[in-house]
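> Here it is, the structure in full.
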């Protein structure tokens, strides 16, 4: 490929896994850092750690923070439009991924504890894997109208089930079916067939209502998840070279294509 | 469109979302009122409200009642055949939606408490969304014969499962498997895979019977819900303009089409 | 149709729902008797009946018994081959349906209590509905080889899951995972996603094993039920007139077809 | 078939179910031995055996061990490439199947108890049934890339669900949602819809999060199992004669085919 690239293009390509010399290596390093970050978050959630482990985890966190900050700055610098990057979906994810880590460096503050959980946004960066994200986008956009329609139908079904069971069970079990929001928890657990067993009808009327609701409602509530499944499975395959060409040719005038 | 419309046609079109000037706005207002009604029902079911909240909810209820009464009267007035509207499916839903609200205005009466729950019929009005209702109708009518056949098969499967588990478990757990109706509750919770955990077999025979019933019966009991799913997903799309034309041209003689 | 029928043919046709004068009426009466029988069985299983109810149920049982005996004798008399009928699937079902009822007439005997449950066989007669039985036969025969193969695969999966969880949990929960058969109960309840909650792993190893087993095994154990579903749904439709013609022409020599 | 076979070929054919004289008999005997081995493992896991049963089971185990050792040696001797056989998948399974049995002959040693469970590998030999194994191979290889992609997506979904519920429930239920690994157990039991009922959210935030996670996540976590199902069902059928010809012609030069 005889195209001369400036440094910005080189960095942009490297961050997408198309580095001319190292190929997917820089991208793979970022993915390893994300997985390491997930392990750090998991380990920090576990109680009973000794002080050495805490120190190691804090150190690892600082290193990961440096990596993600460097990635963010590189992406910002190499972006065609810097404001466009910051306010894009991935730009916000990248920014959110490093903000809580900055706060994490002051670990004694009480209010920061929940902010630390925001590091979970880093995991979403894993989804930047081109094939996964292509399919997720396809799943959510290809049948957006269907998703909304059947999401509304599922919500109505769940609400009607909640009101119905509330009517039948509110006197027999006032603690767990005492209001419609409480009954909605039963509707969710039942119509997804999870059935934890913390709430279930005990009256004859409630049980007959449950039986009818299940036989009819299962088919309706299952549709949104089914649409996501089929959207994910039926996404068209995109040629990965296309992205590489997009990145290389981005500064060229579009007229070169028009000449052909 | 150079067709002159009388006021009745104008109202009928507006209530279906085809108002010449305001478009979908009148229909959207009705939908907002229905969703507000759902919130009112939900909040009123929750215990521990102070008297101010109760007053606000009652006031909201009166306003919503006025809106639904107005809608009912407008639909009745603008209908081609008024008796036909009242005794149609949607006419009955509209009527049922306002009847309990009228009773609700006398909140101290004990017998009216369950009647208030009938306000849930208002939610069904949400289903009047043309696309949703087209699909529901299709789901229920396109394979009506199949639905009945597999509904009967599912009922037989559930009954046979209930009788079988009753035979195995009635001596070991007389409280929860003491009769066939009680065992039918187990059959429903098991064959829909909800599995609350309030009833389950403890004898070896009952467990082997459960295993066989599950491996065979799951496929049979899941069919009615599956038919609803496929009926909803495979409904043909209707052009929304068709309805508008239907409403505009409803008084014209059919022969105009015959001339072409 | 100018074919003269003898009485045997007339009875055989009537019992299949093709009576020349009354059409489906005789068959419908039999179906009503079967459903009544199901109600009788259900009511008799319920405790706390007063003596009047018991007497009514006993009387109803005697009447139903007479109907099913008459049906059996008529089918036997009108059958082309009587031995063939008795040893056919439906002949055995018909016989089993009346045998327990005969025993039921001596209600005080202890040993007869379980025999009374054999009346459940009558319900299988409901399946004689031609369309239902055609589909069930199709579901079980069309992919018999597949059914056996995937039934064996499901059994192996369940057994391996049971042995695995036994290994992980037998020390932590010796009462409920104390042997492989006990662990197999967990495997059934888990891999069908019923999840009653009476048995579940508590060790870390057992939980990781459960996660892996679920992600892989769900797909395998669900196949037999899925094959039954698809077999039931994809059964070809048979023209109901074919059966009528079969019954009318059964005594004619086959050579009439050969002449064409 | 006029092809002269040496003894090695004869043995190899017999072990695959193509013995010229006895057909599938030798293979069937091996399968019976495997099923017997499964019964032995099951019975030995059950507590409260008397000493006679223990002796019978030990004797049966010795016989089964001899059979599997003989099978291993025959397969080794008749293999085209002996090292190739030992380090093949099935060679390792055959070897692992007899190793724990050898150790089992010294039953008093404590460390050997878990090794005895390795006899479970014998069950995998059942999968050597050609049709089953063809389909399993197809299920795992035909869409390997899809499996990895959706396996990763399912893992990310489960992890995000675990972190989310940990955030909502860790203060309300510190014993069961006290760390992310504990919360991951909830995520597995919930998103596969097993729902044992040992862990479930009790806070309002946790329940709303569960509802959203279920409606979206069910569709993602179910895909790996669905891919296995479709891979198993859509495997192409191979002509069983092909294997027989492969075994018979394996020593012939390939040029005979080239001449045509």
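Placement of Cβ uses the backbone N, Cα and C atoms for every residue, glycine included.
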> Of the residue ranges B:86-105, B:106-125, B:126-145, which one carries the transmembrane segment annotation in TrEMBL?
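Range annotated as transmembrane segment by TrEMBL: B:86-105.
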> Given the ranges B:52-74, B:236-258, which one is assigned the annotation transmembrane segment in TrEMBL?
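Going through B:52-74, B:236-258 one by one, TrEMBL flags B:52-74 as transmembrane segment.
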> Would you please say which range out of B:26-51, B:208-233 has the annotation transmembrane segment in TrEMBL?
B:208-233
> For the transmembrane segment (B:148-168), could you work out the same-chain residues 6 or more beyond its ends whose Cβ comes under 8 Å from its Cβ atoms?
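Distant Cβ neighbours of the transmembrane segment (B:148-168) are 177, 179-184, 186-188, 190-191, 201, 203, 205-206, 209-210, 213, 217, 220-221, 223-224, 227.
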> Pop the mean pLDDT for the domain 'Ion transport' (B:32-230) in here, whole number is fine.
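The answer is 83, the mean pLDDT of the model over that range.
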